[in-house]
Amino acid sequence: MKILAANAQADSSNTEARQSLLFSQSPIPNAESRLLVAGVDEAGRGPLAGPVAVAAVVFDPNKPRINGLDDSKQLTAERREQLYARIVDRALAWSVVLIDSEEIDRINIYQATMLGMRRAVEGVAHVAGFARIDGNRVPKGLPCPAEALIGGDALDRAIMAASIVAKVTRDRLMHELHAQHPEYRFDQHKGYSTPMHLAALQTHGPCPQHRRSFAPVRLALEGREQGSAAIGDPEQLQVAQLVAPL
């Protein structure tokens with residue numbers, strides 16, 4: 001696990017005010033609330049390779065509203081990059097945490113995602129009094145009150161921003177990993193279980209960036225260890241793809 005990036009633009013003269021917000025008893029902030037809300041989302045739970053990225057974003061209420069925000073999955077790569085630049089420029093605070101494939105295999109993808117969410121919120125907790133998290137679970141041990149919001153990446157602007165920051169960060173890293181392992185074409189599929197990726201697993205077996213606890217990777221590895229000419233049957237890999245963790 002590592003915190004890839006963190007930025008805070010809050011000024012220290014507001015320390016007392018921020019502390020009073022942080023310890024507010026209001027359970028869920030509304031439009032009238034003075035709480036600064038961190039939106040939290042992840043990218044990369046489902047892929048067979050690479051890290052899971054989790055971002056937290058707190059908007060600066062004194063900066064212009066960012067138009068065009070949406071769930072990162074609904075945006076083109078070019079549009080995500082454009083919005084990413086605006087988000088990190090106008091956010092009061094933001095953070096991104098990467099949990100690598102080794103840690104994912106050690107504690108499982110669910111726990112890795114929860115860990116990433118907790119660390120991402122900790123990265124903005126000096127300004128955020130509340131966290132709103134995409135999904136149906138709130139991680140334990142957060143430094144501030146929080147709620148889970150199913151479908152939040154299509155409903156809440158701060159979560160939309162977090163989804164974009166997480167996605168852009170992870171995609172950039174997968175391009176870097178492609179340079180190290182070009183045979184897998186991580187730049188094309190970003191580690192997801194596409195036919196291209198499954199074919200590369202058959203031919204080359206897994207690399208250190210692959211998640212060995214995921215069924216298609218495990219099947220490919222077992223095939224190589226058994227010395228088979230072909231690493232598993234293509235139909236078996238397709239079936240394994242369907243049961244890989246989401």
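Heads up, residue numbers simply count up from 1 along the chain you see.
A Cβ is built for glycine as well, from the same backbone N, Cα and C atoms used for every other residue.
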Quiz item: Taking D134, D156, D171 as the options, which does Swiss-Prot list with D41, E42 at the divalent metal cation site?
Solution: D134
Practice problem: Using a 10 Å cut-off, grab the number of neighbouring Cβ atoms around the Cβ of E42 (divalent metal cation binding site), all chains included. | Solution: 26
Practice problem: Among the binding-site residues D41, D134, point out the residue whose Cβ has the most other Cβ atoms within 10 Å, with all shown protein chains included in the count. | Solution: D41
Quiz item: Can you list the residues of the same chain, besides D41, E42, D134, whose Cβ falls within 8 Å of the divalent metal cation site's Cβ centroid?
Solution: V40, A43, V54, A55, M117, I133, G135, G152, D153, I159, A162, S163, A166
Self-check item: For D41 (divalent metal cation binding site): DSSP state (helix, strand, coil)
Solution: strand
